[in-house]
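Colleague: Below are the structure tokens for one structure; questions will follow.
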Amino acid sequence: GQLPTWLQGILLRNGPGMHTIGDTKYNHWFDGLALLHSFTFKNGEVYYRSKYLRSDSYNCNIEANRIVVSEFGTMAYPDPCKNIFAKAFSYLSHTIPEFTDNCLINIMKSGDDYYATSETNFIRKINPQTLETLEKVDYNKYIAVNVATSHPHYDSAGNILNMGTSIVDKGKTKYLLFKIPSSVPETEKKKSCFKHMEVLCSIPSRSLLHPSYYHSFGITENYIVFIEQPFKLDIVKMATAYIRGVNWASCLAFHKDDKTWFHFVDRKTKKDVSTKFYTDALVLYHHVNAYEEDGHIIFDIITYTDNSLYDMFYLKKLSKDFEENNKLTSIPTCKRFVVPLQYDKDAEVGSNLVTLPTSATAVKEKDGSIYCQPEILCEGIELPHINYGYNGKKYTYVYATEVQWSPVPTKIAKLNVQTKEMLHWRADHCWPSEPIFVPSPDAREEDDGVVLTCVVTSDPKEAPFLLILDAKTFKELGRARVNVEMHLDLHGMFIPEKALKTETE
């Protein structure tokens, strides 16, 4: 096929790559050592490159020729790099296990720099052109977070907004919203942006020892949308996991009888809205988008009714009959919640406070809290991506992978969230990854541009390829085949040529 002439830049992808080291094997697919790969678009041609992230975890494991650094689903013993748990530990001294810098989930842009990220307090700077691993940054040196999301947001000035959990700090467990500025003052040219990190606000966890797990959050023009779900980490279990010989993943549990609480933090006053909004128990990884309309906050999320998804990716289940044998007990559902921030305080108990045209409801309860029920936008989509120019604003399109009852995606979908119409791309034996939307330089409409996705094939005779779709029509524009073994990856980003520093700089 043909590439649009304007498509110039690098698609960077990140995900787990190596699962066996010497005679040892990780238990879980999400534990694998990070493998970066990139597609560079230059004058109508595509160049591919891949490289393992040279994290400390990678270096220790390779040097020992076995797994010596614990990952979320795999506990390693003992650690020859250093004995992490030598000190007897109790949560009174709030010792949290030292996490890995195997940053395998996403890519983050900070000023002119790019970082591989995961959900720990470590990120690794990388060179997007050569995929070389550069310095390691520890958020915990600057603010008290033990874990952070790998789905930050960027404001109009390019500052990063992200959330992390501060576990039992000064006897409190809280969720912190923090900002990493995109640049430092002229007078401090040698200092890094991280020295200027600041906590914008904190939300106390409803439970000291059971903070909510979260993978992303939402943002509108005036608010941060944070969902405290009943999928929780048990800190006492985590503090004793090493001694008990279990992995950290076993310290996460879904409490199906609990509620899911919605927090809306005003970005100007940095205060959480005082009304208590909640819905039924759910498990959520990805926010799609959020925006404000006529005194309401509207947010779209992909939810599950249980936490079976994580369990499916234990490697012992990833056999060749994986597709047939593994059926999700809960299919991902794209839900729209509509929450009235401004409503008649004298409204009757039991009345629906939503005044917009939607089937989503927000019903006032006796105690003044508000029980929200969603509108279903569609079922079976995951790894959602939008035109980021519409992030936090009213939007129409989401691009996503489509999964049936198996957790492996088989199609790429484009959903119109206003009309619920869908377009699809699929091909036999093809497993596409997260689709990335790239706007065309003279875009007039939200879907003017292309959608890029890496496709691996379950047919050994077929080479994997990068797929380029017209975002408007979903017609295939071209494929770039890669004659190497490519892995299913997780997330990534497109870096336009103009955002890349030249090598001389």
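Yeah, the Cβs are placed from backbone N, Cα and C, and that goes for glycine too.
Automated prediction, rather than curation, is the source of TrEMBL annotations.
TrEMBL lists HIS151, HIS215, HIS286, HIS491 with the feature Fe cation binding site.
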Colleague: Quick check: which same-chain residues outside HIS151, HIS215, HIS286, HIS491 lie with their CB within 8 A of the centre of the Fe cation site CB atoms?
Modeller: ILE105, ASN106, THR149, SER150, SER216, TYR285, HIS287, LEU383
Colleague: Write out the long-range same-chain contacts of HIS151 (Fe cation binding site), meaning residues 6 or more apart in sequence whose Cβ is under 8 Å from its Cβ.
Modeller: ASN106, HIS215, SER216, PHE217, HIS286, HIS287, HIS491
Colleague: What's the number of neighbouring CB atoms sitting within 10 A of the CB on HIS491 (Fe cation binding site)?
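Modeller: A count of 22.
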Colleague: Among the binding-site residues HIS215, HIS286, which residue has its Cβ surrounded by the fewest other Cβ atoms within 10 Å?
Modeller: HIS215
